[in-house]
Amino acid sequence: MRCGPLYQFLWLWPYLSYVEAVPIRKVQDDTKTLIKTIVTRINDISHTQSVSSKQRVTGLDFIPGLHPLLSLSKMDQTLAIYQQILTSLPSRNVVQISNDLENLRDLLHLLAASKSCPLPQVRALESLESLGVVLEASLYSTEVVALSRLQGSLQDMLRQLDLSPGC
C-alpha cells in the first residue's frame, strides 16, 4: 500500500490550514487610500475644476449626484454607474480612473462580505441607454460633469467609511 501522497498531504496540512485572513481594518484602509488616489487623479485633470459637483446640467441627470448617507450597496451601485460612463468616454484621461473604480468596487465587496452582506451584481442601467446620444451632443461636458460628480461622491464615500456604513 502506497501512502506517499497521504503523508505529504499530512505533512503540509499545518501550513495549508494556517491561512491568515486579511484584517478588515487593512481592507478599509486600502479602500480609503484608493479613494484618495482617484480623487488626486481627478484633480490632476485640469478641466474638472470648472464645474461644481452640485451644478445641474440639462441632459446629464443620469450622472449620480451627492448622497449624504451611503450604504455599501449604494456605494457599489454609484461606482458601477460612473464606471459605465467613464468606459464610454473616448478620453485617455479616464482609463486609469475607470480601472481604479473596478478595484474600489472589489474592495467594497470585501467590506460587505466581512459584514455578511454580499452586494448584488449591478447590471447595465437603463438610464445609460441614452448615453451615446448625450456623448455625441456634449462629449466634453459629460466628461467634466461626470468627473466632478465622481469626485464629490468619492469624498462622501470617504466620510461614510469612517462611520462604518451598513449593507
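Heads up, residue numbers simply count up from 1 along the chain you see.
Placed from the backbone N, Cα and C atoms, the Cβ positions cover glycine too.
Take the candidates Cys3, Cys167; Swiss-Prot pairs Cys117 in a disulfide bond with Cys167. Cys117 (disulfide bond): 13 other CB atoms within 10 A of its CB, across all protein chains. Within 10 Å of the Cβ of Cys167 (disulfide bond) there are 12 other Cβ atoms, across all protein chains.
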